[in-house]
Structure formats: structure tokens, C-alpha cells
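Working notes for the structure below.
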Ligand SMILES: Nc1ncnc2c1ncn2[C@@H]1O[C@H](COP(=O)(O)OP(=O)(O)O)[C@@H](O)[C@H]1O
Ligand SMILES: [Mg+2]
């Protein structure tokens, strides 16, 4: 960190400092921030005074203050500026309204439950940021919530290609993110649901079941409800998928990030006319002017960063462990097959027996090298498509003579189950 690049910002009440940190080549490119006076928060998590916070390359953030503050920033930021028109108070009002609904839950009545909120909108409209804000405001008021992140491209909880559920009862750690809660993670394996919509929907159904189970067994989550984050695919089949998710998860509040057309289409399709007291409300929220558009390359780099963090740890820099696995200790599967036989390649009159939700075992070959495999909790083959995963391993070597693969994993010891799932993820460490 270069001491020469030190800036002090003084913010008035209800202003925010927005800044970005470029993806650099070394850790020295990160930025250090210290709150020297007043109070401030990052997407709803309060910042402690005089504690250094380190933001790595790829960070795009806003530090908001309700009462005014002074911040000291060391390191190179891009596009740093102070903005005074943040929609934070509107987001705060929404969270107050949700909290009132939580207070009205009657835990003696098994049908009474807290708000089930889903956030949707196009890519880069602030959905993930609003999810964090709503989670943080709820937990700051001592409510517990279930957070389901269904975004397989830029999810917050686990590595790309996953859908996860986290049980949250304290604000999200600014530097560690969700890595401190032990989430339930489901492996889809691709960065966009369109790669295999039937399988994606199957996992969403499983997520819905698990949310119900957790709600049933924990009064605190029945009261707190859900916050559900989605991906930005809202056109055509993406819109159909969104409405099916809203129904599958029995959502009560849909928050739409600044999109009139999407808001109106959802009202048309989910609140049919004549249905006076519909049990679903659809609210359009203002998109923050600070939300940054991310390029395809930036998205690719941040997915890589998520994978690197998974294996190497975040601020605490855990190191990963190398494990050798005999070919006959494990079985590798794919769900469906992303290479579908073209109709013309089949004999006339014959149908493709391709089922996109079926697991298929694949041989262990040298090309598995550098792939990321999910370690399934499935006990039998048929459970593979919907069972949660224990974690991930990264293949670092395939020895066809010794019939052995070497993998790295974030924790030492044996892997818990023998079924591994392959999809499209790989990691080439640069
Ligand atoms: N008010 C803000 N100021 C600066 N950056 C922001 C602000 N709100 C969001 N961002 C950043 O903009 C990017 C896109 O926001 P995000 O919430 O991830 O959008 P979405 O989930 O809709 O794609 C993220 O890197 C996020 O940290
Ligand atoms: Mg997002």
C-alpha cells in the first residue's frame, strides 16, 4: 500500500463515498480505509471506528453515513467521489416495513410467517447490494433471516455455479462476506441458468423445500422470513423462470430494481385483475446512481476471485491442502450433458434420450486436470442432481498410470463422499 496515496473524505449526513479498486497484480493494490470520526456503514454493515478495513482489487463500494463522518483512505482508488443522492433512506424504509411485518408474526399460529422477499431486476441494478442492506438492517434489529442466493453468475455466498442458503443472525462481515456462516450449497455448475433450465428449476424446488424445513423448525426464521437474490436474466425464458421462482418459493414481496416494464409485467402476471387481496406485493424501487456496470471481463475476473477466495481464504489467507484420490475411490458425474446430440445426427424416427436432469457417470481422464469438482453429499447416484454439496476440490493432476488424481481442497483429510460432480468450472491459476 502506497502511503503517498492517502486521502481524507469528510461526508455530510446522508452522503456516500463511492469508489472502485481495480483488479491489480499484487496484494499491494488493495485499499485501506479507516473511519476516524462519526458513523458509517457499507451496504448496511456498521463500520467500527479506527479499525483498518482492507478492500482488494475488484471492490466497488459505497460507504454511507446517516450522521456524517470522516474517512481516511490509503491506496489507489478509481472513480472515487462523494454522492448526496443515495436511495438509502428508501431502502431503510422498506426494511422498517418488513420489520413491522415480522413483529406481527404470531408464533402460536403455524401459518403465520414473516415476509418472503425476492429481489429482481436486470444485471447491475444493485440487487446483491440491496440483499445485503436488507439482511443487515434486519439483523441489526435482532431479527434472523434466511438468505437464498439463486444467482449462479455473481452469487455472494459460495463459488460461481452454485445456489446457496445462509442462515443469518448477525450483520455480514465486511471483509469476510458470507464465508463465516456455514451455508447449504447446491451445485448447478454453470454461470447462467439457461445452460440447463430444467436442472436449475429442480434445484430451486429443493431450495424451496429446505427454506420451508428451516422455517418450520426455527421460530426465529419463521418470524424473520427470507431474502432471495436472483440473477439479472429477465427477458424471454428468463422472465418465465423468474415468475416460476416467485411461485415456487411462495414469495410475498417482490422488489424490482428500477424497471417499470418488469414491474408492470409482474403485476399483470402475478396479480390478476379482480384479485383484490392478492397475497403478493410488487414494489418498484429506485436504482442507486452508484451501481456500477461491470464488463464481461470484470465479471470473469470476479468469478475467478471467488474461486481463489474459496481455496485460499479471504483476509485470513488459509492455505489449501493437497489430497490424492485413487480412481476407484471416487466416481465423477455430470448432470445432463451440455452437448446435446443434434436431431439430424440421430437415426430417422429416433428420439434423443437426453434427460437434462439425470446424472451420468463419466470416465476419469487427463482432461479433468484444472477442473473444479463439487463433492456431493448424495448417498446414491439418483440424489446427485439435487443434493447439497460438502464443498469443492480443484484437480491439480491426473496420473493415468498410477490411476490417481491429485486435488486441492480447502480442508485436509479425506473427502466425505465419493461422488464428484463436473460441470464447466475450471481454475487456471495465473
Ligand atoms: N451505491 C453504490 N456505490 C458504488 N458502488 C455500488 C453501489 N451500489 C452497488 N455498487 C456496486 O456496483 C456493482 C453492481 O451492484 P450489484 O448489487 O452487485 O448489482 P446486481 O446484483 O444487480 O448485478 C457491485 O460491484 C456493487 O458493489
Ligand atoms: Mg447480483
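The backbone N, Cα and C atoms fix where each Cβ goes, glycine too.
Automatic, uncurated: that is what TrEMBL annotation is.
Annotation comment: TrEMBL describes 10-104 as domain 'Clp1 N-terminal'. Across all of the domain 'Clp1 N-terminal' (10-104), the predicted model scores a mean pLDDT of 93.
Counting Cβ atoms from all protein chains shown, residue 124 (ATP binding site) has 17 others lying within 10 Å of its own Cβ. Marked as ATP binding site by TrEMBL: 16, 60, 124, 125, 126, 127, 128, 129.
Taken from TrEMBL, the feature domain 'Clp1 P-loop' applies to 121-313.
Taken from TrEMBL, the feature domain 'Clp1 C-terminal' applies to 318-429.
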| Going by DSSP, is residue 127 (ATP binding site) part of a helix, a strand, or coil? | helix
| field | Entries of 124, 125, 127 (binding-site residues) sitting next to ligand 2, with Cβ under 6 Å as the cut-off | value | 127
